[in-house]
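Enquirer: Got a structure for you, written out below as structure tokens; questions coming shortly.
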């Protein structure tokens, strides 16, 4: 091939294409695949891109007819009470699971799983947790692999307690969104072609309004919205939508986003710099990449031969790593065990957890206990959607939304597991730098149990950035105790401890 001859893939495809085969649909089997697919689609890989990447514009005309009457909500709430999940250890708090309609005419309903605080539920705040993808389940990741009260054993049948669950500090609501994710569904097939950031924020808003009719004691309660990965879009977009519609029963206090997709350009640049700084690629490879590849292009571009060669080398250097935690073991045997593995503990990450969760949530008795899959969906439950056909809009940045929220007094915390290679700490630092914030406290370690829990810096305008030492993309999966400590300090609006005595 002649020097300078064009290649059909954009530069980002060179690292991501091996993670998820390029086809016209958005579905993928895991969070890493789903996010990779989105980036490929945004840059026109595998065909021309029609995705809208302009700044987020919330739906302003959410019609009252979309908001379900509260008349029968008490009965629905009683029906949603989970008596006990199969294989569950005893607990002292209530759990609920069920559906909330977000669009009556389309037959669009979202599945939720709600766990009350383990103590002081009547005074504890409400946390809504969203996972990203786009197209991945908060039940699969947030609830059963990260911050929920249970984890799934290797037998795919039984559960064990997460002593560092976030319902130690809050009432926690997990949402599968948008329709087509997990147990959430639509009776209108064309809905699956209309997904994007804008419609997802609108539906999430309507869900929350209707859910509060079912659980009215949480109206006016301190509300926090949190999430990871592509929820770096979902969370500030929903917060913006809430503020836009001025409903008095929302008492939005803050947002919390982890290893979050914030700004495409800095997310990509930070990923490559992280690879080099962590000895995954050579200095020469990084220099050649920056010299020969256009890392700033927001649409499909032609790649030179030199760019293709160095990109292929980076592929080879990073292909056999778990990019979501570069130091984590890989799942080499996903076969379920007859009995739970001996010595299973919340502090030890199991790379095969995805498989245990998928087996558990596809058990008919589990779905019955959760009040899930009532319509008998024509496909198995999956951690990331296989039915969402298209993602129509995804802004290149959510920085304007974050700054807007700060300007309205909303507390913003951004955290980063420091072993994630997909949206690494370098990406987040570059994105924050682009915001031109003024530091309030200098960069310093924070502590838990006499050890460094991570590093943190506070900025004027109610924004805190914190790393979590030894954590990957799904921070609570790898460092449950440190993540809970961070969450509690976020809720209390107190600085992370700057002394090893803590």
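Every residue gets a Cβ built from N, Cα and C, even glycine.
Sharing the feature lines straight out of Swiss-Prot:
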SIGNAL    1-24  signal peptide
CARBOHYD  103  N-linked glycosylation site
DISULFID  136-384  disulfide bond
CARBOHYD  187  N-linked glycosylation site
ACT_SITE  229  active site
DISULFID  293-307  disulfide bond
DISULFID  331-352  disulfide bond
CARBOHYD  333  N-linked glycosylation site
CARBOHYD  373  N-linked glycosylation site
ACT_SITE  420  active site
CARBOHYD  436  N-linked glycosylation site
ACT_SITE  473  active site
Enquirer: Within 10 Å of the Cβ of residue 384 (disulfide bond), how many other Cβ atoms can be counted across all chains shown?
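Expert: I count 28 other Cβ atoms within 10 Å of it.
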Enquirer: In whole Å, how far does the CA atom of residue 103 (N-linked glycosylation site) lie from that of residue 420 (active site)?
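Expert: Cα of residue 103 (N-linked glycosylation site) to Cα of residue 420 (active site) measures 37 Å after rounding.
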Enquirer: As a test of the contact definition, list every same-chain residue at least 6 positions from residue 187 (N-linked glycosylation site) whose Cβ is closer than 8 Å to its Cβ.
Expert: 106, 107, 108
Enquirer: Provide, as an integer number of angstrom, the distance between the C-alpha atoms of residue 293 (disulfide bond) and residue 136 (disulfide bond).
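Expert: Here the two Cα atoms lie 31 Å apart.
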Enquirer: Which recorded positions (136, 307, 331, 333, 420, 436) fall within 10 Å of residue 473 (active site) by Cα distance?
Expert: 420
Enquirer: What is the interatomic distance between the Cα atoms of residue 229 (active site) and residue 136 (disulfide bond), given in whole Å?
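Expert: Here the two Cα atoms lie 10 Å apart.
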Enquirer: According to DSSP, does residue 229 (active site) sit in a helix, a strand, or coil?
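Expert: Its secondary structure by DSSP: coil.
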Enquirer: Test of understanding: give the count of other CB atoms lying within 10 angstroms of the CB of residue 307 (disulfide bond).
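Expert: Neighbour count, Cβ to Cβ under the 10 Å cut-off: 23.
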Enquirer: Can you tell which of the disulfide-bonded residues (136, 293) has the fewest other C-beta atoms within 10 angstroms of its C-beta?
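Expert: Comparing Cβ neighbour counts within 10 Å for the disulfide-bonded residues 136, 293 gives 293.
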Enquirer: Within 10 Å of the Cβ of residue 331 (disulfide bond), how many other Cβ atoms can be counted across all chains shown?
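Expert: The answer is 13.
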Enquirer: For residue 384 (disulfide bond), just give me the three-state DSSP call.
Expert: strand
